[in-house]
Amino acid sequence: MSKLLEFVQGQQEALLSDLEHLVNLDTPTSSKERVDQAMQFVITRFQELMGGSVEWIPQEKYGNQVKLRLGEGSGSGQILLMTHIDTVWPEGETVKRPFRKEGQRLYGPGIFDMKCGLLQGLYAMHAVISRYTLTKNIVLFINTDEEVGSPSSRKWIEEEALKSEAVFVLEPALGPSGKLKTSRKGVGRFALEIEGVSAHSGINHSEGVNALEELAHQILYLQGLTDYEKGSTVNVGIASGGTAVNVVSGQARAELDLRIESMDEAERLSQHILNASPVLANTKLQVRGGIIRPPMEQAMSRKLFASAQAIADELGFSLQETATGGASDGNFTAALNIPTLDGLGAVGHGAHALDEYVELDSISLRCALLAHLIKEQMEKPN
């Protein structure tokens, strides 16, 4: 048996105890106080298990970002692990649905996305430092605002990635077999504001120009930019306008989501969206927005996935890869041309769902897989 697998199996009881405690702490992105409290628990466990250094990145709106580091901090190469502690669940959710075990499944708010993955990262670091001499720095970056797009953390993620030889992202795996995510679509967000001419719909209808009618034209145009063959989708998800049923609407607005597989496609479609022009005379159209997460293209994952697949074979399980339309912080690091492998977290189902769960039997294997990837990366020359 692998030394690392044997070690993490011996630590599983402690990991599960930590997981129960962490899952039962509410960590909605919007509650800085709750997130900081949970972060302190993780830091305490890090220091109890292996020591290392802790760097806080203070935030005003969101929880403080944290880097947990093993190694000297500079000059010897770096391996970056990325996770997040915030969840989509509001305060009080853990009281209604606390951690529970049913058969071989573990349930609770945020357990799959992604508190189990966070702890798998912590215990993988523990395994490596317990069985091998560090030859490179290992950094676990714990994000606190990932669920809202990482607005305060992106800068720090990119800064740490540029110091790193490889990035391992502990977002959940995909499907019951635990597929790794070797490519992710990029994300764009845009907002439209339309100004028409308001008028009484019964008396002066002909004098009005309906902003909602213009919006209807724009929605059809924008939705028509979707190209499934290129993997590009446009979704106008929010639309509103008008003030009363008997008023020709003078204002309308909409928000849209763009998903793309390449930066070339991102640039092409962004220009189409930003340069949209009014169809109706005497209307004004303003479009704002852009790409908020660049695509994670497969080239940035290819070699790391091949390594992971070989390690999985040695550990006795098969590993597959997949593409996904969802984005993660791995999009940022891959866009910087840093080799990035995603989906190394928990195997389970139900991110953001009430039936969210993790497969108990997978935890030690996934933890060992990550530990072996770290070890293999340490053995490569700087």
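Cβ atoms here come from the backbone N, Cα and C positions, even for glycine.
What TrEMBL lists as active site is ASP86. Under DSSP, ASP86 (active site) is assigned to coil, being neither helix nor strand in the three-state scheme. Around ASP86 (active site), the C-beta neighbours below 8 angstroms that are at least 6 residues distant in the chain are THR27, PRO28, THR29, VAL35, TYR62, GLY63, ASN143, THR144, ASP145, GLU146, GLU147.
According to its DSSP assignment, GLU146 (active site, proton acceptor) is helical. Cβ-based neighbour count (10 Å, all protein chains) for GLU146 (active site, proton acceptor) stands at 26. Under the heading active site, proton acceptor, TrEMBL lists GLU146.
What TrEMBL lists as domain 'Peptidase M20 dimerisation' is 183-273. Mapped onto DSSP classes, the domain 'Peptidase M20 dimerisation' (183-273) shows 30 helix, 39 strand, 22 coil.
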